[in-house]
Amino acid sequence: MKLKSLLLRYYPPGIMLEYEKSGELRTKSIDLLDLDPSTDVNALVEEIQKAEPLIPASRSDQVKLLIQRLQTKLGQHSNHKFYLFKVLRAHILPLTNVALNKSGSCFITGSYDRTCKLWDTASGEELHTLEGHRNVVYAIAFNNPYGDKIATGSFDKTCKLWSVETGKCYYTFRGHAAEIVCLSFNPQSTLVATGSMDTTAKLWDIQNGEQVCTLTGHSAEIISLSFNTSGNRIITGSFDHTVIVWDAGTGRKLYTLIGHCAEISSASFNWDCSLILTGSMDKTCMLWDATNEKCVATLTCHDDEILDSCFDYTGKLIATASADGTARVFSAATRKCITKLEGHEGEISKISFSPQGNRLLTGSADKTARIWDAQTGQCLQVLEGHTDEIFSCAFNYKGDIIITGSKDNTCRIWR
């Protein structure tokens, strides 16, 4: 076995090893979830080298440097104020989604106008228009952390794979019998998974453009889909009130999480894949032990449907967003509500943690996005200016750029 490279990951915090085994390139991640600005880096490097035979002594200085850089990053608990940098009249019809590449150097917008557009964040210039779908482009993603490919999922029942550099379409994946509404690359960027209103999900090989397998088991539309950190599991959430966990290698159904009494709105693993978080239109979120499929907690604090939910990148905090116009932060360990985020005047459809985990970003039907202190629940900033509902908002991996997408046909860059 030969170590090829060491990569630093800010999101979630950790080191990624790339190594060669039997001529094949493989990856392994070492998480640094307990790293903080006061950690003794020398002692930590010694610990890592004892536990990880892949890292030779000759690389210890490089590992130390990587961890120090990450430690500096975590120490920047920014009081960064965001300012409107650019308004992009992005599409002639409303946007469906926005997504950033890892560095935040470019981002994509999907739209009802049947296109996806690629933008340069620094200048606000349009780099490519990805044309070819025959209906709404609804689900979009970069293959982060690599960022050289884009996948688009459409109401025309197809998914297309594109080159970021040229804007050309590599493949059109055909096979779904209804609209594609969610998609995701696996972390290794060898597969793209698509979820559809036809009740199935499909896996596609991005090297040869072939369908790998179909995930059959839900009895209603699949509206949420994601891989776990290592890429060996896929989780799907459905309007049939259930969540299914699948083996990504074989497409086999491993188990079904049954407990919600209305449609699922979101489903995700935490970073170490020990817990699963599910949000539902039944006004609750449920926390499940991924090792034994048992529900360990039902989070009940909202008066209306849960529209989004997420873990922070360490898996220690949970955030929920609701149609009742509020958001909540819970401790994953105690399952207790830590704080309530109040101030929006309409439903909150999107919520996400900053990569450092100390801030939350929410997007609302009240035409604003807000930035909150994740511990105290204090609203730190209101991002105003959109003239219609915000349904998509995202931080870049560094947490110093925000993109918001609205039904007013524009997206805004804040920095």
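Counting starts with 1 at the first residue shown.
Cβ atoms are placed via backbone N, Cα and C, with glycine included.
Those TrEMBL annotations? Automatic predictions, nothing curated.
Feature annotation from TrEMBL assigns repeat 'WD' to 88-129, 130-172, 173-214, 215-256, 257-298, 299-340, 341-382, 383-415.
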Among 173-214, 341-382, 383-415, which stretch has the highest count of C-beta pairs below 8 Å with the repeat 'WD' (88-129)?
383-415
Against which stretches of its own chain does the repeat 'WD' (341-382) lie, if we need a Cβ under 8 Å and a gap of at least six residues from its ends?
10-11, 73-74, 76-78, 81-82, 304, 307-314, 316-317, 319-329, 388-395, 397-399, 402, 404, 406, 408
Long-range CB partners for the repeat 'WD' (215-256) (under 8 A, at least six residues beyond its ends), listed in sequence order, are 12, 29, 178, 181-188, 191, 193-203, 262-269, 271-273, 276, 278, 280, 282, 290, 293
What mean pLDDT score does the repeat 'WD' (299-340) have in the model?
96
Per DSSP, how many helix, strand and coil residues does the repeat 'WD' (299-340) have?
0 helix, 22 strand, 20 coil
